[in-house]
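Quick notes on the structure that follows.
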């Protein structure tokens, strides 16, 4: 049943995201074309000023599309959760033979996938802008040497595997996104418990959760840092501090995400009021 819910959710949201993804790739292609065709060093001053207009305009539109994707991602994430589960469509959703946890996980996974897809599309657009340029060619030529030096540096000086660093970073990013989504869901669900001021209460709940999480994270960071005060003099200590900091950050995000999920699930199961 979860698969069917996700299929329906993807169908509903793809109509919004795919046009934006296409627009970003098109704008990156147009921007690259303008900057490739009009080489200002080959033109006189008057023409240079004229050709700068489409260049600047294309870059501006490209940045605007990127910003729009960020904004639309969060708007759609909030709107789909609130409207489908706590709004008018909530009556229909909760008459289906679906457990509340499936509704939460459905929204969570689809939002996560769209956010990751947005990141991939943005990286592709960056490649469209960069591939073939002089700077890109120099980077490609030097990359194997630089990469080997970085790997050797981390393994020799810090006794850290570059593969493990990448795994930690990827895990931290994905878990951080999940935590962020569930925090928004929990804030919306908590705000829905209030009568008239649901939106204001949701914003307050989100800020409250953020303050609590940041406070706990700050305290934990200080506690973790105490044994490593003199770490600057020891690469091995720096390595241990880095790993402990990353793992503790991931653990805090997981615990917070679990707490937000539990709060959302309890509200949707026991405290739901669609009036």
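Cβ from N, Cα, C; glycine included.
Taking TrEMBL as the reference, the stretch among 55-76, 77-98 described by the feature transmembrane segment is residues 55-76.
Using a cut-off of 8 Å between Cβ atoms, the transmembrane segment (12-35) and the transmembrane segment (108-131) share at least three residue pairs, counting only pairs 6 or more apart in sequence.
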